[in-house]
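Participant: Pulled these from Swiss-Prot:
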BINDING   Ser8, Lys40, Thr72, Arg86  substrate binding site
BINDING   Ser8, Phe9, His16, Gly87, Leu88, Arg89, Glu97, His122, Ser123, Phe124, Leu125, Ser126, Ser127, Ser128  ATP binding site
SITE      His16  site 'Transition state stabilizer'
Amino acid sequence: MRALYPGSFDPVTFGHLDLIQRASQLFDEVIVAVLRNPNKQPSFSLEERLEQLSSVTSHLPQVRVTSFEGLTVHFALEQDARVILRGLRALSDFEFELQLAHTNASLSGQVDTLFMATAVPHSFLSSSVVKEVARFGGDVQHLVPETVAIDLRRLFNQRVDVGGDR
């Protein structure tokens, strides 16, 4: 069975990566799809986010990274994905995600939503939090893969040393 994990991934975090790795053990294929949202100004370009995701998932043969625009449920149907994966960090995530799941079900009864609880070490983690920490010079190496930490330091014009040391 094929699953779709959509998101902005701006940037990809260890929370995202944990969910991708666990999903890859449950499904034959996991499509990690970066949403091209014309109404948002991401910190990283679509190409940068695709490269970040491809790099950190290259060791997972059943993971495919791509992008899409439009309704997630329509893209899931185009990709023959029967499941949309969503990570839940807290109860507050559940209410919003449940509304989306019900909306998707009303648009297509052929695609289910599967909620996966975020692993405890990543339960506080969001891309917004990571960018805020990085913006003010905080260490994000425990929050994102090393290549993404380097990208964040470059984004915020901070010194980048070889080997990830600051």
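Quick reminder: no glycine exception, Cβ is built from N, Cα and C everywhere.
Let's see these features in context: how buried, what's close, how far.
Facilitator: For the recorded site, Ser8 (substrate binding site), the DSSP three-state label reads coil.
The number of other Cβ atoms within 10 Å of the Cβ belonging to Leu125 (ATP binding site), over all protein chains shown, comes to 21. According to its DSSP assignment, Leu125 (ATP binding site) is coil.
Note on His16 (ATP binding site): other Cβ atoms within 10 Å of its Cβ, all shown chains, come to 26.
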Participant: Would you identify which of the binding-site residues Lys40, Arg86 has the most other C-beta atoms lying within 10 angstroms of its C-beta?
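Facilitator: When each Cβ's neighbours within 10 Å are tallied, Arg86 tops the list.
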Participant: In the structure shown, which of the binding-site residues Ser8, Thr72, Ser123, Ser127 has the fewest Cβ neighbours within 10 Å?
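Facilitator: Fewest other Cβ atoms within 10 Å, among the binding-site residues Ser8, Thr72, Ser123, Ser127, is found for Ser123.
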Participant: I'd like the number of other C-beta atoms within 10 A of the C-beta of Leu88 (ATP binding site), please.
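Facilitator: I count 17 other Cβ atoms within 10 Å of it.
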Participant: For the C-alpha pair, I'd like the distance in angstrom between Lys40 (substrate binding site) and His16 (ATP binding site), rounded off.
Facilitator: 20
